[in-house]
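Copied from Swiss-Prot, the annotated features are:
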- Lys21, Ser22, Arg26, Ser164, Ser165, Gln166, Ser191, Asp305, Lys332: 3-phosphoshikimate binding site (BINDING)
- Lys21, Gly91, Arg119, Gln166, Arg336, Arg376: phosphoenolpyruvate binding site (BINDING)
- Asp305: active site, proton acceptor (ACT_SITE)
Amino acid sequence: MDLTVEKSGNLEGTVKAPPSKSYTHRAVIIAALAEGVSEIRDPLIAEDTLSSLNACRAFGIRVDEGDAWTVHGSGGELETPDDVIYLGNSGTTLRLMTSVAGLAENYTVLTGDESLRTRPMQPLLDALRPLGVEALSSRMNGLPPIIVRGGLRGGSTSIRGDVSSQFISSILIAAPLTEGVEVMVEGDFISRPYVDMTVDVMERFSVPVDYSEGTFRVEPAVYRGLDYTVEGDYSSASYLAGAVAAAGGDVLIENLFRDSRQGDRIILDIISDMGAEVRRGEDHVRIASTGELSGVSVNLHDAPDLLPTVAVLGALATGRTEIGGVEHARYKETDRISTCAAELRRLGVDVTELPDGMIIEGGASGGTVWSHGDHRLAMAFTLIGLREGITIRDAEVFSVSFPDFPERMMQIGCRMNLS
């Protein structure tokens, strides 16, 4: 489907940020491993998070869906799945459930769509081996499908920190249901806030995590079921905030907490540096802008999902925008550095691609771009449309993480149509 965005200005109103995708994944998986019943309130109901919910069900977990998800915890006693578990496009589910599969008896097979089957997994597979899990790529190339044989007993292991923080989160989530685990992080520790979110949810479910001198330690423990409310998502809110910054206006975004551990909250600092006015409350943010933006230099080492948003804002800004620290963005749904640069060039933007980012000279025009099947590209490029007009091909992919994206954008005055 095509998303056509018309020039829009003077955005105004109040809009609620959608629930956090990252926190929803972690909450439902940990609730599935807990003793007792948990209620996950205000979960993000989207393709990716439903992949995690359905993966939990494949291991015999009962989950009742409604306005909240009621999860009947297993206490770590998982059934062997009856069939291959298909995860769609959800890389988070793939990574987190690989270690969880090590808690089940016998074999589990995890796979997904064409994009998911290009996601690197070998560092996690190697790190699980010293902990008692035999896990391998069915094609012996480090990529899904992944075959996991249960047997996670615990122990000490090490893992590279420069490919995906989800590998670390994966082991930590399963760790308390073993004899105890030590994980030493080797090299550069990218996207650390995502691991902080994992630890946050683990501790909410009564499992402490120790981190010192580059090593995580988790002792044997029991997750305790509880009522958990999912906070708003700064990644998805970046499109709402970016829309106001780009088109101009004054908008209140609710459900964004000042004390959040989400690394993507840095988007507020970035748009402020570019020229927007940002006022933060305890649970909301007000963005005001004239639409006049200036280029910035940013390091997105801990917030790689912001790359498309910052790139398109840079294309609308006066002067140069430099983005660095995101080499790991090449291993997302697409090689986001390459695909972002290619689509910006379609719109007449001067882009220099770097190994870990890009340099953008502002000056985008309208036109037609392709999503490459990447939800974040599809949503980010709407911001150029608010100023110049744009058509985004294969845009329906936004449903992966933000199913009512067009409706929430139109709520604040953005003019767009999906057809």
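Just so you know, glycine gets a Cβ as well, placed from its N, Cα and C.
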Non-local Cβ contacts of Arg336 (phosphoenolpyruvate binding site) (under 8 Å, 6 or more apart, same chain)?
Pro304, Leu307, Pro308, Val326, Ala329, Arg330, Asp374, Arg376, Leu377
Would you mind checking how many other C-beta atoms are within 10 angstroms of the C-beta on Ser191 (3-phosphoshikimate binding site)?
24
Comparing the binding-site residues Lys21, Arg26, Arg119, Lys332, Arg376, which residue's C-beta has the most other C-beta atoms within 10 angstroms in this structure?
Arg376
Taking just the CA atoms, what is the gap between Gly91 (phosphoenolpyruvate binding site) and Ser165 (3-phosphoshikimate binding site) in Å?
12
Report the nearest neighbour of Arg119 (phosphoenolpyruvate binding site) in space among the recorded positions Lys21, Arg26, Asp305, comparing Cα positions.
Asp305
DSSP three-state call for Arg119 (phosphoenolpyruvate binding site): helix, strand or coil?
coil
List the recorded positions among Lys21, Arg26, Ser191, Asp305, Lys332 whose C-alpha is within 10 Å of the C-alpha of Gln166 (phosphoenolpyruvate binding site), in sequence order, or say none.
Ser191
In whole Å, note down how far the CA of Lys332 (3-phosphoshikimate binding site) lies from the CA of Asp305 (active site, proton acceptor).
9
Protein Cβ atoms within 10 Å of Gln166 (phosphoenolpyruvate binding site), excluding its own:
23
The number of other Cβ atoms within 10 Å of the Cβ of Gly91 (phosphoenolpyruvate binding site), counted over all protein chains shown, is 24
